[in-house]
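Q: TrEMBL lists these features:
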DOMAIN    1-468  domain 'Major facilitator superfamily (MFS) profile'
TRANSMEM  75-98  transmembrane segment
TRANSMEM  105-125  transmembrane segment
TRANSMEM  131-156  transmembrane segment
TRANSMEM  168-191  transmembrane segment
TRANSMEM  197-219  transmembrane segment
TRANSMEM  283-307  transmembrane segment
TRANSMEM  319-340  transmembrane segment
TRANSMEM  347-369  transmembrane segment
TRANSMEM  375-393  transmembrane segment
TRANSMEM  414-438  transmembrane segment
TRANSMEM  444-462  transmembrane segment
Amino acid sequence: MDGKSKMQAEKVIEAHYGRMLGAIPMVRHATNTSRDNATITVTIPGTEAWGSSEGTLAPSAGFEDPTVSPHILTMYWSLSVSMFAVGGMVSSFTVGWIGDRLGRVKAMLVVNVLSIAGNLLMGLAKMGPSHILIIAGRAITGLYCGLSSGLVPMYVSEVSPTALRGALGTLHQLAIVTGILISQVLGLDFLLGNDELWPLLLGLSGVAALLQFFLLLLCPESPRYLYIKLGKVEEAKKSLKRLRGNCDPMKEIAEMEKEKQEAASEKRVSIGQLFSSSKYRQAVIVALMVQISQQFSGINAIFYYSTNIFERAGVGQPVYATIGVGVVNTVFTVISVFLVEKAGRRSLFLAGLMGMLISAVAMTVGLVLLSQFAWMSYVSMVAIFLFVIFFEVGPGPIPWFIVAELFSQGPRPAAIAVAGFCNWACNFIVGMCFQYIADLCGPYVFVVFAVLLLVFFLFAYLKVPETKGKSFEEIAAAFRRKKLPAKSMTELEDLRGGEEA
């Protein structure tokens, strides 16, 4: 894609870097990737819910300072982008510790300070060395997102009724894609994506964090944390009454008591024990694979090619078509909120992977034959929208909350930390490597993702359980059972009957 395919705000910040460093960026092939696995066309550090952009900068023909190497500009831009994922990887390992030490709500309150501080640095970027302030702000915001991406699903899974756990867990992904859509719109040049207002665009996520800080003061602590971790029975009952209304909390208290007894029979589970103990091995493999399948599904490639495909199809303003993809992204995340408790996690995850696989094949055909048949651009356009739809039906939202469902209270914090690190690491790898893969494979890049999607589908079919309608203890107990002898069976076969629940 040439410079025309970039949105104005991104070009403005690159130009600002160039002026400060004595080099003016001319061409940049942009790859936009995100933590929620949707692409942010306006790639502004800190304005998206989770996101990053990788690319290569090429200098203009002349420099204000000929002693400045164009590679310096590339280095600073790459650091601005990658420090977000690095921050997320580092902080994701502390999710379990801070969640147990402070409690779920207090931990979320405290980490908002990181978001406010990071976005304040980026919002003030024009007042100092902008590249340094943005890199620092981006790293601090990444630390916040690494913690938040673990604490939020943990809290939501623990306060949700069993019948609504999946639907409420999907709201996490809905919040992410809504933030992406808002950032796409606000990044248009006639709004905030211009030379005067881009610092304001950078600092807006800090306002959201400030709002979240005050709203969290109204939220009750997790009753599971109060009862199982702290042994505060009465406070747990009060928390349940605040969450459920006037209904009798004793049924859930009894369920927590069973989970507490199970947790008491084993020592605190560390990350090392999570991998060394055979009784957690199956659950850990499933937890890691759903994260890998989310990031390596090819959603980033779809957005990489989308603007170019819209241009070839004759769309007058391809940037608005890309925003249209963001709208579809959001709408189908809303639909998945209602589907996840009816169809079940496993069914939607499998359907999403298979739909993305078919769409990737269609995308490959469309791109390969585009030079011969102009109408193939429309095949590619349809494939783009279908790919995004199937992603948001299953592989987008489900990995965020299913990890918390796969583990009981004891190993849950460590499992969420490991899964979070895996997701962030995969995000970083995709961002760093995709540009090279795209250059090497060209339109055949979707063949790579089609093969990966097939592998993910087969793994999910054989190993991923249906957790709908099951208590945490029931799910954990299934993993502890001996593996059934038949090759076609898994330890979780009995859970699949839960699809009828």
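Even glycines carry a Cβ here, placed using N, Cα and C.
Distances, neighbours, how buried they are, the whole picture for these features please.
A: Residues 290, 293, 297-298, 302, 305, 309, 336, 339-340, 376-377, 379-380, 382-384, 386-387, 389-396, 398, 442-444, 446-447, 449-450, 453-454, 456-457, 460-461, 464, 466, 499 of the same chain, all 6+ positions outside the transmembrane segment (347-369), place their C-beta atoms under 8 angstroms from a C-beta of that stretch.
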Q: If you count every Cβ pair below 8 Å, which range out of 105-125, 283-307, 444-462 shares the most with the transmembrane segment (414-438)?
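A: Going through each listed stretch, the top one turns out to be 283-307.
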Q: How about the transmembrane segment (75-98) and the transmembrane segment (131-156): at least 3 CB pairs under 8 Å, pairs 6 or more apart in sequence, or not?
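A: Taking Cβ pairs at least 6 residues apart, the transmembrane segment (131-156) and the transmembrane segment (75-98) are in contact, with 3 or more under 8 Å.
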Q: Could you tell me the mean pLDDT the prediction assigns to the domain 'Major facilitator superfamily (MFS) profile' (1-468)?
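A: Within the domain 'Major facilitator superfamily (MFS) profile' (1-468), the model's average pLDDT equals 79.
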